[in-house]
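Notes follow once the structure below has been shown.
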Amino acid sequence: ECVASSPVDTVAIRGAPVQLNCSAQSDTGSPPRVEWKKDGTFLNLASDERRQLLADGSLLITSVVHSKHNKPDEGVYQCVASIESLGIIASRTARLSVAGLPRFSGPLEPAEVRQGDSRVMSCEVNADLAPFTRWERDRQPLELDQRVVQLPNAALVVSNASASDVGQYRCVLESVGPTKASEEAELRLLSESGVERKPEFLLRPSALARVAGESALLSCVVSGYPTPQVRWLRGDSPIEDGERFDLVGGGSLQILNLTEEDAGVYSCVTDSGNETIEAQAELSIRARPRFLKAPSNIYAHESMDIIFECEVTGSPPPTVKWVKNGDAVIPSDYFKIVNEHNLQVLGLVKSDEGFYQCLAENEAGNIQASAQLVILDHGKWGYVPIPTPPSASLTTATADRVAQAPAGGRGPVPSAPRDVVASLVSTRFIKLTWRPPAEPHGDNITYSVYHRLEGAGRERVQNTSRPGELQVVIQNLMPDTRYTFRVIAHNRNGPGESSAPIVVATQPEVQVPGPAPELQAVSVSPTSVMVSWGKPLTGNGEIQTYKVYYMEKGVDGEQDVDVTGLSYTITGLKKFTNYSFRVVAYNKHGPGVSSEDIAVRTLSDVPSAPPQNLTLEVQNSRSIMVRWQPPPSDTHNGELVGYKIRYRKGARKSDATDTTVSGRLFQLIDGLERRTEYTFRVSALTVNGSGPPTDWATAETFESDLDESRVPDVPTSLHVRPLVNSIVVSWTPPENQDIVVRGYVIGYGIGSPHAQMIKVDHKQRFYTIENLDPSSYYVITLKAFNNVGEGIPVYESAITRPQSDPIDPDVDLYELFHAPYTPVPDPSPMLPPVGVQASVLSHDTIKVSWADNSLAKNQKITDSRYYTVRWKTNIPANTRFKIANTTTLNHMVTGLKPNTLYEFSVMVTRGRRSSTWSMTAHGTTFESIPSSAPKDVTVVSKEGRPRTIIVNWQPPSEANGKITGYIIYYSTDVSAEVHDWVIEPVVGNRLTHQVQDLTLDTTYYFKLQARNSKGMGPMSEAVQFRTPKGKEGWGGGDTRRSSAPPCVPGKGGVTGGGENHILVIIIIISVGVFTIVVVLVGAFFCTRKRAATKSATSSHKHKSGSKDLKPPDLWIHHERLELKPMDKSPEPNPVMTDTPIPRSSQEITTDPLPGSAQPVLPSDHPEPEGSSHGSASEESSSYHPPTAHVRPTHPLKSFAVPPVRRTAGAAGGSVPGPHRVIISGPPAQLKTASIGTLARTRPPVPVIVPSAPDVSETSKMLEEAESKDELSEEMAHLEGLMKDLNAITTA
């Protein structure tokens, strides 16, 4: 059964018929019964003459009744379909509104419009009738286009008027009964007089709320001459005409197919000559509810717990309610709303069967989704497995699925489990144990434990986790409550007999005080709050004290105070600040349950600090622009409602004038006297009054106003400096500075200055022309302009440098732009600030400071000059400059982005004179913790390795610094606490990671968190992934694991046939040591004989030669077993590395080499100083193979022991195989890592040990031995080595 069509919101006309559609389908063979609800109550349609139920289920109202005091048809309708064998399902709701009578509230007014101008003609009808209106001209339907537009309120806009628009207009109502027209009104056309008219709004945009996917029309109609040009901004960003944005009716903005990103504040801005006017309106976008996850059909047995999932989204966030068979589900102990919107039903009973619907609703609309719950019958079919739901649509096919369940193979079932007892009883959980049934009738017996509140009819079930388990822990019980328990055993034939029920009571909890009721917090002053509460209703014993906790919102760190009564006034708080309060009662058992937090804001007060950065800009001889910044935010002490400006003439203390400003940070003071000094100060206002004012600031009006009746004169100079791909242009303004200059036009091109044109601000004195061709002849022109036109140009030419010509890195821009030969007009432009420095203070604040060479040496400002600081970042490239004014030699720039490079420059202004922008200073803000989570997190399975998954992601959008790593959290329970999730760290900026050894056929949830040097960022949303099903058998189908038995403890990670390899290693080492002993003994006798023959003749020669070469002193330390070369190194400062020899294989703690074995550098080719083993790629990787180095003093050849083959480890984690040990080359640091931390098998690597020296080489060395004593000492050490080797072999 399903609802094929649902009713929709409808507007009806009084007296007219209206139909609400609804149809339901069912494949049971019998049609569903359809009924209608109005405002939640079923309609009795059988006895209603005006309302009829049509054959398809739709509702027809033949004649809508609606009056001021009787509105029986207006309301919310819903159709309900039911089939007795299945249940009840309801449609979405729809609102029926009744429009007013089709009439006009006023006549049309005749209108006049000038040629090329715009006009608005109103149609006075009710708002609900506006969609039914149209316009006619001279009794003919009016064709609408981009120029002639009908607004949503039925008004008509005629833009760029011409003679074709003249005529008789009327507004017509249709589609609501008989057509009705208004009286006609004439639109006349006037010729344009040519006199300038200031732009004015005929129609301003108004706030608008629309649903995503619809269209919106923001009206804006402007009149004036010359014809004003309208442009739109969203926030600070201009809107260009495109596929979805269109300017209609001369200035109104039409937006098609709205999205949630289109919401914001829109500004209609028009420019005409010197006038700019602006109007704003907010567009809010609402999104209808939409299902992210709809509920699905569920098949279950009685006593089970189930959850219907329902995830919705929308704007504003929708409210969700659940309905069962048409009736609202009321939350209780067994029906609970979990995870925000999901419905959990505990301990199913047969009456829980039916249709469950998730209804979501917000201001934009409502939706519903349904699912069916089917309770499977134990008695009829035996143990019926839960089938897979066929689909989300609900039909009687579910019953057919159950009927097809296997009923054959019925055999004996287990008898009742024996000796069911509660072995552990706590306040909120009980542990049950029992003995197996006397007659299990099979193996792999599983158990189900049924429990319920004593006397309750609803029973819940919990199954054991694995076959044969004879205990279970029942959790989430209530303290001091009696429960009934029984146990049933299951074999392959189904459930057996039930054990006799037992009754167990949970333990009572220690009675600490409950939460304090009636908690109230009242602000009694700007710095104090009175908190009061009642005595806790629950508790064991007398309340000893109360502790009041309070905390400023948004600030970490809670404060508390001990109180003995039931109220307390907390003082010393911040003014107009939000605080949260809670109370905890204490008795002899300790602290009780905390009350809920309650929020309150302290009262407001007057501001405690003056506004900042007061600046005065003289506009002309009659007006001064006053600008300022708000006081520091922590000194507002309330909502700022405005500012008070006080000004007076000269230094006199009388005749001061006050004016107030609200909503902006500037005010133009006009009507002043010429060439007169005025002083100003500003104070901030709250509802409590004005705060302290700023210091007095002084400015003097001009003696005369600048002239804009003619174009500017020619600039006094133009200089160019060519580079390879650019030309730096600098200039000085026209000599006559009484003429207004609004900017400069730079023209340039190869051979002609008219190829490209650039406009710059009137304050700018230099510009760099980029993207030029090398070795090319360019002509440059410069001319000043104002509103009258462009002045006389000045020309210059330059040849760009060739490509091979290096760029001069030491370009002194100050000398370039202020060359000594440049004629400076009077008054001369001011010098720009110098020594601009950007000092980084935090992740969002940089302090900009500078010096002013036009001030005295003490840098004290004594006049009315002010400084303008501008800053921006180059990412993205089109970022605009932000500007702030200040009267000091430094400025604190706040609100910057972390870890971002900013450039700063400063300009000084005094009266009409301004400097150029200073040299730029740069500063990079400090890093901050990431403020967004990693994005685009995806999880995929690794091919051929079902127990391994690959997590991929992208860096966070707001990393706020260099990402140094990530943390992957994963869990099988998405609602688990964060500290219960498994953590896998990822070092560096890698964007992929493998997670291994997962459980097959299991749903995992993954979250990611990025970190930088400042800390951890927020977590990403959980991503769900289910591992694939594997083959049955040991290892779960993971091809990475071997079927060999686990390793035997105490054998060093070598198992099975690996013992043979250990024996081979021991034999080879023993043979090598024995060879060394034999060679040394033979060498001893040869040396002794040769020394006797040469002692008389060459003793002096031998002593002198001994300074250059000594035999090696092989020192074997028996306590630490370390090899050290004791001979003199050829270097003045030899470096020696201790290399402990492990006594057993468990002591080897070096990291295994990944992959196959790498070749060992032979020690008879020593590496040069500073080199190390491995290639450059090995050094750059995160893995460094462990090495133990001994500086060679004579050549040694090595031999390799054959590698031991790898065998599989235990299921819980294996010990890596043999590791590679190198003793050769120059000294290097030895890095070790515990084998115990490695939980995966690794590829085997060969073990390399030094070989014994050749017999000839040993004889040669022993011939140079100094004495018999040294050789005897060596023999003693070798005997000790043999003992240690024997001990290793025995172990």
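Glycine is treated like the rest: Cβ placed from N, Cα and C.
What TrEMBL says about this protein:
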- 1105-1130: compositional bias 'Basic and acidic residues' (COMPBIAS)
- 1171-1186: compositional bias 'Low complexity' (COMPBIAS)
- 1-97: domain 'Ig-like' (DOMAIN)
- 102-188: domain 'Ig-like' (DOMAIN)
- 199-284: domain 'Ig-like' (DOMAIN)
- 289-374: domain 'Ig-like' (DOMAIN)
- 416-509: domain 'Fibronectin type-III' (DOMAIN)
- 515-605: domain 'Fibronectin type-III' (DOMAIN)
- 610-704: domain 'Fibronectin type-III' (DOMAIN)
- 714-804: domain 'Fibronectin type-III' (DOMAIN)
- 832-928: domain 'Fibronectin type-III' (DOMAIN)
- 933-1030: domain 'Fibronectin type-III' (DOMAIN)
- 1027-1052: region 'Disordered' (REGION)
- 1092-1195: region 'Disordered' (REGION)
- 1062-1085: transmembrane segment (TRANSMEM)
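Residue counts for the domain 'Fibronectin type-III' (832-928) under DSSP, helix first, then strand, then coil, are 0 helix, 46 strand, 51 coil. The domain 'Ig-like' (102-188) shares more Cβ pairs under 8 Å with 199-284 than with any other stretch in the list 199-284, 289-374, 515-605, 933-1030.
When the domain 'Fibronectin type-III' (933-1030) is classified with DSSP, helix, strand and coil residues number 3 helix, 54 strand, 41 coil. Across 1-97, 515-605, 714-804, 933-1030, stretch 1-97 shows the highest tally of CB pairs under 8 A with the domain 'Ig-like' (289-374). Within the domain 'Ig-like' (199-284), the DSSP-based counts of helix, strand and coil residues read 3 helix, 52 strand, 31 coil. Sorting each residue of the domain 'Fibronectin type-III' (416-509) by its DSSP state yields 0 helix, 49 strand, 45 coil.
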